[in-house]
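As recorded in TrEMBL, the features of this protein are as follows:
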TRANSMEM  372-392  transmembrane segment
TRANSMEM  443-465  transmembrane segment
TRANSMEM  471-502  transmembrane segment
TRANSMEM  532-552  transmembrane segment
TRANSMEM  860-883  transmembrane segment
TRANSMEM  890-910  transmembrane segment
TRANSMEM  916-941  transmembrane segment
TRANSMEM  962-981  transmembrane segment
TRANSMEM  993-1019  transmembrane segment
């Protein structure tokens, strides 16, 4: 390092030129960085969703979920499988080990699924599973609501969205996909009356054949007329649905064109009702409770969130202006908005922090030139970090920005130590050039060691694994880049600029005894004379800080909430609930939201019910079900998100029938305010009984809401059992096929009308409506089988109770109990809940385990604990290499528990949560707090080599290093203060992390100046005692023979 310093001092002009080039390149790299909300993480998750219309949950389980599970189980690096089977829908969720090549896995899975035998759907072909790979980038970045001003129907709004908005957005650069949710299409439904159909001896196939035969343009050939070839064709188009109602229907099973003779003429209207209806294929969408559609915009994997958002917002404004008389086209969610706020907030707080740090340096040095020399290290280190981020293809997101903002408080440390040492030599009268070289050389080893130890603590993040390691990796890399850059700057640029700006006239002469030294030295001497008492006092502080966590009840949380004023309201009904009931319940929820809208608390809300879109599938993968509705609610800017969510939840509770629930939680954040337990047992009844016990017990926990289970007593089902002894037509396949066509609908092709309109025609049996189940069963019995016999004559039709949802985990039967945690202390509430469940007498063979966010939190905390132990070991190894001793590094490690005193104290004072950001802050402290001790011990070793006695060396090292140690600590603390205050929304991660670092640095700095010399003296005594023991020495305590010196006797 010293040779590098010598080289740059000999080539000062070239060094300055290179520095300017690096800064310019850094500014260029900033413009090339992509802006995202979150780091790009390849989640090892795959979901396989399959729609099997009309199938019960048992049939879905046996015919779809199990075969898909078996295919997934053959894939490599599989961690777990979870399947949920509900009426008409199967969802299989597979988790793999982090680091798995998910593209390769997806290819293998698709290949295996092609060989899986799955049942036929409505089209007569096997149902097709949809495979999705989850990632942050696979979520829509903008939601646009379309609401009519003229009372337009969802059909009209959907047509506008499909034909105008979707093409307009799709043409924009880096837009990957645009989905329209809630748009309606018209279709022709032919609803049969089973009794009339049976009386006439007709079947659904008879009607289908007549419709297809009537609505054709059929070439009949050609004929020659007067030497000219003239084509002949038959053609007919309907002019209206009434034409279809008047079609004459004849049996077509008897062969020929007309089939068997009929005794009476039957028209379609005699056996069915023909209507043109609207169908919500992609689900039902409403804006502020009124008909509306939702347009979701997805970006490409390589697209820039902010750039894509800018383009969409501009185009959206153009559409608004163009259709302002008829439509409201509003953006309810824009992911880039939070990106912009994060960038703005963290830049502002980082800038303020840098200003505060520079101000602290000026107060200590009282010299503008010296202060400017140190200040150069901040922008230079940051732009070098930007260059490295760009070369590593790391995006600008809340983690990298948070890392830079945190690093600002640390990048000045090396420069301060170097400059302060140069400053001291100049004040002692040495020539500037010699002072610069000597001052830099003396501390080069110490600052190199301290910087490497700070960076080394991030290496064990690789042990954490999972989402936590991936999530914080960009943060760790950013801080490491900035710190390594600051080290390079401190031994190159800082000496060069110091040689230009520092003069004897500008710095003056060093005072013999500064106020700081006069205050500190007596305390240090007292501590060295009362070593065990000093350590006892520190131990009491350490134990007290740990006890304060429980006494003052610091909350435990996984990740903090974002500052977005968005709520996600999830309306859950019991699995198997029909869409009409879901809509009716949602209507009541929307009325509650309307009250808040009238008060001004809610500005806009968007409702989506059912549907099959890529986003709805991902929602189901993480806890949603088919019978649910999602409502995205935007609050006004001053609303307190958590308070509003709690109040809404209480108001909405009475709305829900048994089996239903509502979840109200902040949207778009990173908090995990939910509890999830997986219950497994030897049989369905044991799982059902256990989940019921757990739900009842957790319902008594006052900080839990919406406690529910996905295991219920089942819903009524209708089972048809053919009796082959009564008729050859009592065939299970024949009856099942005909019933499915009637109940789920059979396509009759596309009907063309003379006005050019084309409608898909569906033949079906209408639902029972307000009638009861027994009446519906009687109507089913009247259905004609093959136009020959009634269903009730050849089969038993009865009601039974069956499972409405089946959950399997790792190919074993399971159930899930979930709840919303209504307070920030998610960890504390989770512990209380687990203690209550542990006390239950569950059925024999039943086991339970934490899953979901709780499991992730548990794994992350354990992983970070291991990472901290590994970091301590790495720091010790680095210091052993630096000092060539085992004892000095061991003494330095005693500064670590001193940091915990302040870190926990800061959390107690601010009542901020002990979560991942706080733990990452403690991991950082392992590297930061030892730097002060390293600088102190390094000088102590130098003084010992120069012939100082141990006591003199300890006091002199403390007196000499007290100013740079205090300067660096206070500069870092002040630099992090804007972040710790957390005023901007961009500081959601940095606020807790900054709080911990400030508290830990505060306590460790002041205590390190006393405790490390004390511990080092004790270790040296023991070392000498052992040495004398083995060498037959006297073993005297060296400090016992040292006289009490006056301050001036050990002055520099």
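Placement of Cβ uses the backbone N, Cα and C atoms for every residue, glycine included.
Pairs of Cβ atoms less than 8 Å apart link the transmembrane segment (372-392) most often to 471-502, out of 443-465, 471-502, 532-552. Remote same-chain residues near the transmembrane segment (532-552) are listed as 897-898, 900-902, 904-905, 907-908, 911, 914, 1003, 1007, 1010-1011, 1014-1015 (criterion: CB distance under 8 Å, separation of at least six residues from the stretch ends). In this chain, the transmembrane segment (993-1019) does not touch the transmembrane segment (860-883); fewer than three CB pairs sit within less than 8 A of each other, excluding pairs fewer than 6 residues apart. Most Cβ pairs under 8 A with the transmembrane segment (443-465) among the ranges 890-910, 916-941, 993-1019 are made by 916-941. Residues 406, 410, 413, 417, 442-443, 445-447, 449-451, 453-458, 460-461, 468, 471-472, 475, 479, 558-560, 860-861, 864, 867-868, 871-872, 875, 879, 882-883, 888, 891-893, 895-896, 898-900, 903, 907, 953-954, 956-958, 960-961, 964-965, 968-969, 972, 989-997, 1000-1001, 1004-1005, 1008-1009, 1012-1013, 1016 of the same chain sit 6 or more residues outside the transmembrane segment (916-941) yet have a Cβ under 8 Å from a Cβ within it.
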